[in-house]
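*Asks:* For reference, TrEMBL lists these features for the protein:
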DOMAIN    79-160  domain 'Copper amine oxidase N2-terminal'
DOMAIN    168-267  domain 'Copper amine oxidase N3-terminal'
DOMAIN    292-707  domain 'Copper amine oxidase catalytic'
ACT_SITE  D370  active site, proton acceptor
ACT_SITE  Y458  active site, schiff-base intermediate with substrate
MOD_RES   Y458  2',4',5'-topaquinone
Amino acid sequence: MERKNFLRCLFFIFSAVLLLIFTVYNLQNQLANKPELLECTTNSPWCISKNRISGKKPNFLHQPTTALRHDHTAEVPHHPLDPLTIQEMNKVQKVIKSIYKDTVYSVHSLVLEEPDKKVVLKWKKGDDLPPRKASVISRAAGKSYIFTVDIETGEVVQQDTSHISGYPYVSLEDVQKVIWAPFSRSDFNRSIIARGVDPNNVACLPFSSGWFGKYEEGRRIVKLECFNTEGTANFYMRPIEGIVVIVDLDTNEVLEIVDKGKHIPIPKAAGTDYRLSAENSPIFKLPNPVSMEQPNGPNFVIEGEHLVKWANWEFHLKPDPRAGVMISRASIRDAETGEMRNVMYKGFSSELFVPYMDPEEAWYFKTYMDAGEYGFGLLSLALDPLNDCPRNAKYMDAIFAAADGTPYVRSNMICLFERYSGDAAWRHTESPIVGQEIREARPKVSLVARMVASLANYDYIIDWEFHADGLIHVKVSLTGIVIVKGTSYANMNQVNREQQLYGTLLSENIIGVVHDHYINFYLDMDIDGIENSFVNVHLQREYTNGKSPRKSYMKVNKEVAKTEKEAQIKLSLYNPSEFHVVNPNKKSKVGNPVGYKVVPAGTAASLLDPEDPPQKRSAFTNNQIWVTQYNKSEQWSGGLFAYQSHGEDTLQVWSDRDRPIENRDIVLWYTLGFHHVPCQEDYPIMPTVSSSFDLKPVNFFERNPVLRVAPYVEKELPVCKAADSA
């Protein structure tokens, strides 16, 4: 019991998800007669307390400084794409229980079954909502099930899953259960003691196994690796190298213990703790803090909890347990005509791929697909006001389902804020050539929707940033802790030149293993309508052949992709192109098709062999850009069931069908990539590194859409004093 209490405290610091799940279990026992909503008397973001509910109208947005939790129990949907409410989830939970009766089951996903796209596009504010349905992914008796539940009638439609390899993402309840499995084996405990470690100071974490053949067939398995927690909160820096415990997730049975590396010392705890309270060195602090203040409030409004309106933009924003954040129905007001024009029907992070480049037994399987294996949104905890988001941010809660279908509230999962950092939307200064000095500049203000997913050691910050000139800037930032490998080496002078470390020696007995990060984005562009085309605007060298003093110049050739294979794009620095999504049925005044272009960055490409099992499962990294014909069922680029999948339900497979995409409803996919060769500056916790891509108007507007933006004037700006924020 002493060890259990110790580890609970430890996991609260580093893996709050695990402790929060345990809290939910306790609360469920206490509230057995009140299944409608998990309640608590703590600050846990998993639940809300009735004695702290605001008496005001419920709203997902609130200031982080308030001590109140919002009562989401009375909320109702206002938009066809609004997420399921607590009341709706409770109805679905009753249906699920009636299906399984006395059979033990687990819910892995309970989300809105979105109406067909044509239904959503036809709907207008004031219309009745389309029938509300829930999509349920669950497991029972070793099988996976997909149900669609009509919330009003309770009617259930079951989908066939026999043709799908793999499993749904691991639930947090799965994680909480399996971390104790190794301690049930005496041989494991003896091995730990033989290494000079007290088992009370050991924490084991589950890592997805990937799929490499027959060994992974027929069982939903996980591989646990263990760490020494003594002397530091950063247990990731103290791996017990060489022990891998393979466990059946359904039965919690330990299938195998790989026990090697007893000669490898456990790295020391000194210097690994990153907490402010643990650092003895002087704190670096700016003498004059910097903050963006909006004493008169924000310039954006939220209608019906999820419809965001800011400047000339309007879009639907909601949390999602798998994708994290979903942006839908993004449209922008044309300054010339005053009409709202469609830009993007839906955008979200579809899948991640993080392969570690170490082929040895304890590492080869570390090829994570975090969204499909764990749930990007499920691992997004409450944001830290003032540090994750600025003071002027507003916050949005999420409502997710526990393993038995009970709804719980994830507080402050998304923040929304305006950003101004002194950049110019446009500017020009003219010298007195024209007889007068001209100096015109306009401030660049944007709106950011942000979430942070804490995927065990790594933290991913996802920003969707909207600009008044029509640009959508999508940024991914990586921080957190590099997962490390224990080694007997303490200095590089001990390493032979022929020795392969598979990484960088970061500190004594610690290797940061080389790895990649790929984030694939689903971008259903609807430029002024659903019928769009993909254009490769190829830039190539052209010769003048003596007709000019110039020998060469750059020429533009435009090619419209007819089918999906023609839109499989590998980016090349010396074979450049622009990539446009256009509406060929709508032209500007001067005859150009209106469109948007994807502006690539973060262009790291996978170097794995295409037939390598991890690469086949994450084949979306074979290209940086893809375009497919719209299909409602094709949203997750690594497959619907990514855990231990074989790679037969991926973006590559869909695209290879080579369906027509010219003047059709199409989806653009972009893969953002990072190569990461760890360095000493990444130890013990890495500074944030970022990359991004843009969706930028191209001939969409008749002229500069922010031409008439007003400049700032000193007397119109608020004057803030430090005392005002006390």
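Every residue, even glycine, has its Cβ placed from backbone N, Cα and C.
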*Asks:* Count the Cβ atoms, other than its own, that fall within 10 Å of the Cβ of D370 (active site, proton acceptor), considering every protein chain shown.
*Replies:* 25
*Asks:* Which residues, sitting 6 or more apart from the residue listed as 'active site, schiff-base intermediate with substrate' on the same chain, put a CB under 8 Å from its CB?
*Replies:* V354, L478, T479, G480, I481, I483
*Asks:* Could you tell me how many residues in the domain 'Copper amine oxidase N3-terminal' (168-267) are helical, how many are strand and how many are coil under DSSP?
*Replies:* 29 helix, 28 strand, 43 coil
*Asks:* Counting by DSSP, what is the helix, strand and coil composition of the domain 'Copper amine oxidase N2-terminal' (79-160)?
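*Replies:* Counts, helix then strand then coil: 21 helix, 28 strand, 33 coil.
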*Asks:* State the mean pLDDT for the domain 'Copper amine oxidase catalytic' (292-707).
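*Replies:* Across the residues of the domain 'Copper amine oxidase catalytic' (292-707) the model's pLDDT averages 96 on the 0 to 100 scale.
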